[in-house]
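Here is the structure we will look at.
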Amino acid sequence: MREMMTDKHVIYSKLLLVIKIIFAAVLMVFFVPLFVLPFFNAPSTDDYFCGFHLQQLGLVKYQQYVYTECGGRFSATLAGALPALNNFIFEHYYLHTIVLLVLNIGSLIILLHTINRYFLKQILSILQIVVIALVLLVAGLISVPEPATFLFWYSSAITYQLPLILLQMQLAGMIWFCYTKKAGSTTIAALLISILVMGINGFNELFLMAQFFILGLFYYVSTPAKTGYFQKIVLPALFIVSALVVLLANGNEVRAERIEPKGIFTGITAIVFLVSEIGWSICKSPLNWMICVAFFICGHKLKAQLQQQYWYGQFAKKMWMLPVLVFGFLMVSVALPVIALKGGMVPERYLNGVVYIVLFALYFSAILFGAKTEFHLNAIWLDAPVGKILVYTILCIGILANSFFAESIKSLIAAPVYHAILNNRTELLKKAAEENTIAILPTYEKALEAQIQTNYGQSSKTLVQLVSQKPSLLFFEDDLATPYSIDILKNYYGVKGIELIK
């Protein structure tokens, strides 16, 4: 027994088991708030905009209205409208966050499984793939500048998170297309890619730019045997047609007329600020640095396998190309919308998508540079128990040591009060609609005071301070804050008017 306890291998093995259990607990602690908070969430102005116009126009005419008056994002409009039919999403508002999170995890697992099958010769187990997918999703979530609109605001989550999920599926489809040897599978993969290219293009102008770069790389790294009419003619044609549908929409002109020019200097300042914000969003997270180092080491260890791949040879010829493309995408994805907004600032919900794409491109770059490294990197110790203990410990720290996790816990504490305030507001609006009267609503601050006095009068000062904060992951903006949002709320519920108690 004494020999066993003094055996370093046995001790490290037991420590490794303990740290794995802790790591699993850390992942659970991180994700639990994200699956609980949706049940305290509530619709916002843009959601009500969709609901009201669907009530008035129906599904088909609503698509026409948005295309001619608001913009050409045909996929986002349709994807957002379908769950809103018969007020379904308004009655089950928690559902979209949970479904999109599950789909995001699932799409990452499919992408990693495809990479493991065709690039890595099945060296990863299913459990390892799931763990890597969860860690990558954590890294993406803690990096986005505005988590509330990425995860919890329905209209924004549909417009920006859903196409990212589909883009991950498209990448898996592209790998499948390039490596499958079955004619039937090639046809199915080509059909899947075609549908996804057209569909993703219709979500947002950001994804037009992303697809332009991705399709160019798809053509460049594909083997000559797989480079045929599909990549030379079919995909470019589908891309151009779907892009034109978005860009030539009459709604784009209508929106542009409402925008006041800000000037060249303001526009340049906006571009510099936004690029800096994206860089900061990525670099501020220790987890991103850890993952980049891990992928660099993995790329170095898998050098022999990767060098057998045709696509790696294409990148290896011009190692400067990928960093230049990533930086080029970053600049274009920021500069073009700033120009379209006549020098104005791009909303952070748009930056969420840019950060997510750039971050994953940097991870891929780390693998390539690791495989290209000529000097010998002795990382054998990482395969030993002590090395794995260190890796799991660092991951645990990275997952929890960020402002996103802190805000999720604070939001979880404040969420019941937030939910009660908005539920009470909804009841007052419904009652006013039934009685055909003016809805008299307290502002959020006034309603918060009432909640504190009623339910937390005897509570500690610390608890009162915590529940008095707006839950940052749920609260984006108050629907009673602007005349426009008040008007949308009035129209959706069908009340005569809205008066505020301040």
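Any Cβ shown, glycine's included, is placed from N, Cα and C.
Noted in TrEMBL for the protein shown:
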type: TRANSMEM; residues: 12-36; note: transmembrane segment
type: TRANSMEM; residues: 93-112; note: transmembrane segment
type: TRANSMEM; residues: 124-144; note: transmembrane segment
type: TRANSMEM; residues: 188-221; note: transmembrane segment
type: TRANSMEM; residues: 233-251; note: transmembrane segment
type: TRANSMEM; residues: 263-282; note: transmembrane segment
type: TRANSMEM; residues: 320-341; note: transmembrane segment
type: TRANSMEM; residues: 350-369; note: transmembrane segment
type: TRANSMEM; residues: 389-406; note: transmembrane segment
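Packing against the transmembrane segment (188-221) from elsewhere in the chain are residues 72-76, 78-79, 159-160, 162-163, 166-167, 169-171, 173-174, 176-177, 180, 227, 230-232, 234-236, 238-239, 241-243, 245-247, 310-311, 314-315, 325, 328-329, 332-333, 336-337, 340, 350, 353-354, 357: each is 6 or more residues past its ends and has a CB under 8 Å from a CB in it.
Residues 205-206, 209-210, 213, 217, 256, 259, 262, 267, 270-271, 274-275, 278, 350, 354, 357-358, 361-362, 364-365, 368 of the same chain lie 6+ residues outside the transmembrane segment (320-341) yet bring a C-beta within less than 8 angstroms of a C-beta in it. Contact between the transmembrane segment (389-406) and the transmembrane segment (124-144) is present: at least three CB pairs lie under 8 Å, with pairs separated by 6 or more positions in sequence. Under 8 Å from some Cβ of the transmembrane segment (93-112) lie the Cβ atoms of residues 31, 34-35, 37-39, 41-43, 83, 124, 129-130, 132-134, 136-137, 151-152, 154, 157-158, 161-162, 164-166, 168-169, 171-172, all in the same chain and six or more residues away from its ends. When Cβ-Cβ distances below 8 Å are used as the criterion, the transmembrane segment (350-369) is approached by residues 136, 139-140, 143-146, 149-150, 160-161, 163-164, 167, 204, 206-207, 210, 274, 277-278, 281-282, 288, 291-293, 295-296, 298-299, 306, 312, 315-316, 319, 322-323, 325-326, 329-330, 333-334, 337 of the same chain, each at least six residues removed from its ends.
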